[in-house]
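Features of the protein shown, as given by TrEMBL:
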type	residues	note
COMPBIAS	89-98	compositional bias 'Low complexity'
DOMAIN	1-61	domain 'SH3'
DOMAIN	254-364	domain 'PX'
REGION	85-105	region 'Disordered'
REGION	118-137	region 'Disordered'
Amino acid sequence: MALRARALYDFRSENPGEISLQEHEVLSLCSEQDIEGWLEGVNSRGDRGLFPASYVQVIRTPAAEPSPPALYANLPAGGFRLLPPPAAFKPTTQQAPPAAAPEPFSLPPAARYPFPLAPYDGSYQPSQGSDDDWDDDWDESSMVANEPGTLGSFYPDYEVAGSRASGHYHLSTWSELSLSSHGGHLAGHMHLPGSGAKSLATVSRNLNRFSTFVKSGGEAFVLGEASGFVKDGDKLCVVLGPQGPEWQENPYPFQCSIEDPTKQTKFKGMKSYIAYKLVPSHTGQQVHRRYKHFDWLYGRLAEKFPVISVPHLPEKQATGRFEEDFISKRRKGLAWWMDHMCSHPVLAQCDAFQHFLTCPSTDEKAWKQGKRKAEKDEMVGANFFLTISVPTGPGAGLDLQEVESQVDGFKAFTKKMDESALQLNHTANEFARKQVTGFKKEYQKVGHSFKCLSQAFELDQQAFSAGFNQAIAFTAEAYDAIGDLFADQPRQDLDAVMDLLALYQGHLANFPDIIHVQKGALTKVKESKRHVEEGKMELQKAEGIQERCNIISFATLAEINHFHKIRVRDFKSQMQHFLQQQILFFQKVTQKLEEALHKYDSV
């Protein structure tokens, strides 16, 4: 008889090779042996692939009476995998473990898993196109934040909690482990002191080591592997607001204008670039920044904040970089970007962003020092989550099902908003094109026709028709002017709408990864609860996993709340501006027509 299992929870596949499950669905298993916490099987729809072992329960035949041998013909060669009794985990001699026994703590980090592990390198690589090439004197050092062996790496060095190898005390969530100093094998089972040998299971790692949940450091944090020294200034607070979790407001809000893009040169005129003047309101001191500086800052922020939507920069352009229209459009895009940066309670206070805004343009030494400091930031990857402080006390907890429902609802919202934004952007772009070319041409055609009629009437030399001929000629000029108004109007209203849509399309592209991190954390909580129900994991350990998952959930909900706030603010302001400009436009058209009409009064 084929092995079968029943799904305990719904599971949505998000990576190639995975299959979706529905609660209570019966599946056929290819093998009962799990691979790093994943099983392979076929669901009721005939799809074959991987799914979390903790999401299903194997259906076993009651063993009241021994079954005939023929019933076991289809079982794997090893039969059912039986858990050894606790005593099997306590060797009575000092002999080396068998060759097949895993030695997870005697191997270097790169060899612990059956898949290649790469240090976290962020989801963004600063572009190196022809727009603003990096200067050797400005970027003389590499991105050192990702060097192995530092707390900036995704996979931290495993050190005993409290060591001061780098001059700081490291707050390590690895303190529950007890590692043997001889033989390199596991001496404990990640349980709390006094828990005995009951903990026979641990929450498995994701099979896909390249998923956002793994690369962002979310998995390492949830599993208790993050360690780092958190300064008071690095703490990010989530508070409970009227609409739920939200980021604590910036006590010193500010804005920053971007003005006067100017073309500058260096190397005796051999290299040209555009510099933008930035004036932060909290300092009042202007600084000049090139696009490459914005590009560098975006890369650092996208790497540091895995559950925060860092706004995207305007796209680069290989040709026409010094054309007036392109420079003006980029400045408007950067202004929107800067507004969202200053409006975010976390991003606005980030050290790298403050360095970007305040470091004098002429002080190269100070700029490089601040740049290196940002690149050596230890609070990235899994360590970033250590900096998040969440509400505690009665009534401050999160309900797992409610959080999952809210995140699923926001996921559906972002998908629909993305589709609508694409449609509106296409419609606005097409309408603007028609106004610039089609409408202008059509109105000027009408004006030309009136002009031809006027010229024909001028052949009549009667004195009483002179005023009438002039009125028709003025009508022709009015329609020519209306055509010009149509061609110029998209700059006043539709272009601003499309700039806003472009900014929000960048935000909407960020949220699938943010949601994936939160979903991955919820999966680990469900798996730990399953182990507790089966008596394979201590309750305290499962509670630790849920507590760390709650931190990610609080941050995710706070970011969702902030997104909705600025969305309403931005679209309200932009729709008001659009309608005001439309009213002004049609008032101008009406004025032209009324002027032409009054010319006939004196005829």
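A Cβ is built for glycine as well, from the same backbone N, Cα and C atoms used for every other residue.
TrEMBL entries are annotated by machine, without manual review.
Quantities reported herein were computed from a predicted structural model and do not represent experimental measurements.
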So what pLDDT does the domain 'PX' (254-364) average out to?
90
Please spell out the DSSP helix, strand and coil residue counts for the domain 'PX' (254-364).
46 helix, 25 strand, 40 coil
Mind checking how the domain 'SH3' (1-61) divides into helix, strand and coil residues in DSSP?
3 helix, 26 strand, 32 coil
